[in-house]
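Asker: Mind looking over this structure? Questions follow.
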Amino acid sequence: MTMITDSLAVVLQRRDWENPGVTQLNRLAAHPPFASWRNSEEARTDRPSQQLRSLNGEWQFVWFPAPEAVPESWLECDLPDADTVVVPSNWQMHGYDAPIYTNVTYPITVNPPFVPAENPTGCYSLTFNIDECWLQEGQTRIIFDGVNSAFHLWCNGRWVGYGQDSRLPSEFDLSAFLRAGKNRLAVMVLRWSDGSYLEDQDMWRMSGIFRDVSLLHKPTTQISDFHVATRFNDDFSRAVLEAEVQMYGELRDELRVTVSLWQGETQVASGTAPFGGEIIDERGGYADRVTLRLNVENPALWSAEIPNIYRAVVELHTADGTLIEAEACDVGFREVRIENGLLLLNGKPLLIRGVNRHEHHPLHGQVMDEQTMVQDILLMKQNNFNAVRCSHYPNHPLWYTLCDRYGLYVVDEANIETHGMVPMNRLTDDPRWLPAMSERVTRMVLRDRNHPSVIIWSLGNESGHGANHDALYRWIKSVDPSRPVQYEGGGADTTATDIICPMYARVDEDQPFPAVPKWSIKKWLSLPGELRPLILCEYAHAMGNSLGGFAKYWQAFRQYPRLQGGFVWDWVDQSLIKYDENGNPWSAYGGDFGDTPNDRQFCMNGLVFADRTPHPALTEAKHQQQFFQFRLSGRTIEVTSEYLFRHSDNELLHWTVALDGKPLASGEVPLDVAPQGKQVIELPELPQPESAGQLWLTVHVVQPNATAWSEAGHISAWQQWRLAENLSVTLPTASHAIPHLTTSEMDFCIELGNKRWQFNRQSGFLSQMWIGDEKQLLTPLRDQFTRAPLDNDIGVSEATRIDPNAWVERWKAAGHYQAEAALLQCTADTLADAVLITTAHAWQHQGKTLFISRKTYRIDGSGQMAITVDVEVASDTPHPARIGLTCQLAQVAERVNWLGLGPQENYPDRLTAACFDRWDLPLSDMYTPYVFPSENGLRCGTRELNYGPHQWRGDFQFNISRYSQQQLMETSHRHLLHAEEGTWLNIDGFHMGIGGDDSWSPSVSAEFQLSAGRYHYQLVWCQK
């Protein structure tokens, strides 16, 4: 029967969720994940424990607009209108309430610690049976791995406890509440709590029991905590595994702890000791603890390159060997320290090839499953990432085990962000909020400190710098001196961080913001008295079509040893699947659920789409981060390994020499390179081509054998060089045919055989082409100076907030999008063997000339049309996005063939990963389906393009798809795009870079802006 102290009314009156001093009630102390094996062999092999029972599955659920609307009767029995939902899940993904996407602005009125009276509340209940033996002895716990944002728990009508911090476990002792037969859990989850003020991360705001729920049965006398650490001699030839074990229960003389260390099936070391801790101070030590030290000779060291894993089994038993319970964890022998301004792993300076990762799934919201986690890790490893930052909260417990075993360095980050506070450190400098912050930091450390993959602790994200940070920094350094601590808030270089860890600092450009300047990363290292390493906690904002200038960072990382890399923002687009009226899925972003406030598509900054399909930018990241570097001198290739610990034992170097994409010679050489070593490869005498063209040498590093994270044939690195070619002059082919010019009042018409070209004399544009009776154009060939805005072009501009510095606003204000052509010249001349059309246009807006474009079209007897373009850009207009031509072709061909850089989309400031070759792709693959439509699909360095009956030659950039720039610009979501008639072709002589240092300020480097004032390009258009 429910007692008065268990009643819902008492809980509602107490309002624990509006008290920063109450972060939990009756929650058990933090510890590493437990399984309570009763067989040490099962613990060693990590088999499922019979003492750990999942409660995942279907639960009863009722949603209420506020906790006060929940009836008292719900504590005892399910309500008649209860629905069924799957746990774990976010209730917004089941149609209850709406997810809210906001970056900085809090989704509730800022009045800490109070939350709105309309506080959506989810009431979960589950009826389950308990094993009879669990009731007879021992302790039965319930573990909630993640509940957003706070909850009260009842069991069989009796109140059990309260928990908040949505990203760490809340664990309660159920022993006194359980009974034989059926038992009923009731969990009241509140969407908002005072904890929400500490969880203002840039992500969807969702609610519910979104991580696993389980029951754990422990013996009455039990292991309550254990911590393992590794120590080494100077050359890492000898190690000590230090294990501190703590017990709970009756402290009996006969109790013993045995710690055994295993490498596969082999026991490496073992030790046994009674309880009784080492002397701490004048009052002695802890009677319920013991520290064992196991010596290990020549340990196999752990790193992300070679994740050697041992297994430590901790047995609590009696003196005669009777096992009470066993716990276990993976062990990696590794040492992390900072020395002489460098972050070292096992004595070697790390280069962090990192990425920030939110826990996100397009169908399941913030629910993570093992398949998705493994998929993320495999993709990261395959694309040369070696590190991940858990942005911005502790992740699902399984994530760390997977990172241990596959090999990724982890920055484990506390669930603290107060980005929307003014000032930002309003809470983090307030002692009333220290208990809440302390719980979030200390419990993270106590849960995760046994994982070798965790090499850095983070105090949180974007919360200013307050006294609470300093206190928690000191606590971590006291409890775990084996790892550095980082924290970006307050300027990235405060006393609360061992690492200078700025976000979006640029390579050479200072950003002197008041109070918290962002110096260039090169300058930061040289500031007076600054001796710390610099690792960017966020950089290269990968929003939409982005990552321009990424190579510049990596040039700096390799040039300056204390610039030790960074973490790209971020891994995965946070779009969510919605369904239209016909049941078709589409990708939604902020505002699509009627959510306010919202930050629109700013939730989509990923290197991969939400379904984990790669963005083209991922290839650029892979190439810049590759572990092999190459240098060509004559016929000698020098290969340098950037692996710190791994000897190349599964790599072949394939080389190919090709002329305009046609292979002339190739070979294969095994790579045998020591860590940080070099290998010199001498190529044979290379063939000299007899015909004109571009001669390229391409090398690929291929892994012939499958690995834990890649299939056989995986390409891990590549490089290309253009070789010197013999001078070759191609004489024009003599043609006896002469094109015929006909002049009318409206047009110039040129005919040659079955081909015709028509130039409109009033517009001055090529208005139509015919092959036989078939028209080739749906729109005239016109100049183009604009692009459908990228996220980086838009910046923070939106309907209600205009950023006049954003590229798109500057282009709009100058009239680039509205410019109209005024004809200055349109003449035709018949030459001895060709017809020459000469045109000139002034592109104007509101009477002001922005661009002058002069063109000649020379149509010769072979049917080739040579187009020469000269453009002048007005000195007082913004640098244009592109200088090129556009038209709508009538043809819709299946495939596109080109000689140039590819195969993936590339742009002038994001093309180091692209290779020059002859490429052939389906037309559909030439379009990149960014959820927020924008300019996409460009291919640079093109010498020849073939599409349908047409061929273009020259030196240009192009994109080709069924969507016009106008449609891309006017459409909010990709699923709303419709394939237009024909095919849109954009051929650019010049295209501005895309930028990507960040997405809220102009970030295209000066060398990739179109600032010259005068431009010249030419191409040939013919029919095959």
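Here the Cβ of each residue, glycine as well, is placed from N, Cα and C on the backbone.
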Asker: Let me know which member of E439, E462 Swiss-Prot also records as binding Mg(2+) 1 at the site of E417, H419.
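Answerer: Swiss-Prot names E462 for this Mg(2+) 1 site.
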Asker: Given that Swiss-Prot annotates D202, E462, E538, Y539, A540, H541, N605, W1000 as binding substrate, state which candidate in N103, N298, N906 belongs to that site as well.
Answerer: N103
Asker: Given the recorded Mg(2+) 1 site (E417, H419, E462), which additional residues of the same chain have their Cβ within 8 Å of the Cβ centre, ordered by sequence?
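Answerer: Sorted by sequence, the hits are V104, D200, Q201, D202, H392, T418, G420, M424, G460, N461, S463, G489.
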Asker: Using all protein chains in view, find how many other C-beta atoms are within 10 Å of the C-beta of D202 (Na(+) binding site).
Answerer: 23
Asker: Cα-Cα, whole number of Å: H541 (substrate binding site) versus N605 (Na(+) binding site)?
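Answerer: Checking the Cα atoms of H541 (substrate binding site) and N605 (Na(+) binding site) gives a distance of 7 Å.
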Asker: Among all protein chains shown, how many Cβ atoms are found within 10 Å of the Cβ of E538 (active site, nucleophile), not counting that one?
Answerer: 25
Asker: Taking the center of the Cβ atoms of D202, F602, N605 at the recorded Na(+) site, which other residues in this chain have a Cβ no more than 8 Å from that point?
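Answerer: Result: N103, M543, W569, D570, Q574, D599, C603, M604.
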Asker: Which of the binding-site residues D202, E417, H419, F602 has its Cα nearest to the Cα of E538 (active site, nucleophile)?
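Answerer: That would be D202, nearest by Cα distance.
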Asker: Around the Cβ of H419 (Mg(2+) 1 binding site), how many other Cβ atoms lie within 10 Å? Please give the count over every shown protein chain.
Answerer: 19
Asker: Reported as an integer number of Å, what is the Cα distance between N598 (Mg(2+) 2 binding site) and E462 (active site, proton donor)?
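Answerer: A Cα-Cα distance of 19 Å.
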